[in-house]
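Record features, source TrEMBL:
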DOMAIN    16-102  domain 'Wax synthase'
TRANSMEM  67-88  transmembrane segment
TRANSMEM  94-114  transmembrane segment
TRANSMEM  126-147  transmembrane segment
Amino acid sequence: MLVKVVVFSSLGCDLEPHSNEPYLATSLQDFWGRRWNLMVPTILRPAVYTPIRQVAERKLNSDWSQFLAYLATFTVSGAVYQLMFFYVTRELPTGEVTLFFVFNGVCTAAEVAVKKRFARRRWRMSTVASRLLTVGFVVVTGGWLFFPPLARRGIIKKIVNEALLVNDLGGLIKFVHLDSI
């Protein structure tokens, strides 16, 4: 939000939102496709998902082609994040970050398949339960696979310290500004 305000005030243009209240996601499909890091699905859907699904549908049924498209999309996403983590940590990749995305892709594909099966039965989970399960799943798998590479190299601690430093700097600027009046 801070970057958005700075860009708007300095350049006069608005940035696309990065996310759309991900804590309100009611499914993994909703979380990854419509609520979290909105730029990624905008890029990966036409670049990976759609072409893989179209090619796969020539040989496989719709469910398997959809599964393959999910798997390819989440694998590409995981590989890109793994590369970014390498640049940040300078640690040889362990594959944990890619596995996080592949695992979430497989679970998202399974969720979609289950929803198709139960769609005719009109059974629905409560919104509160589905939100808790969705966000809980992402948090648990993130704590298991996504964040350990950052924690091992102390990156999370550095980010927190830098955020606190910025906060302290903001207080210092306000203090200096008020004293000069």
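Each residue, glycine too, has its Cβ placed from N, Cα and C.
A TrEMBL annotation is a machine prediction, not a hand-curated record.
Since we're looking at a predicted model, the values are computed, not measured.
Residues 22-28, 30-31, 96-97, 99-100, 103-104, 107, 156 of the same chain, all 6+ positions outside the transmembrane segment (126-147), place their C-beta atoms under 8 angstroms from a C-beta of that stretch.
Per-residue confidence over the domain 'Wax synthase' (16-102) averages out at a pLDDT of 93.
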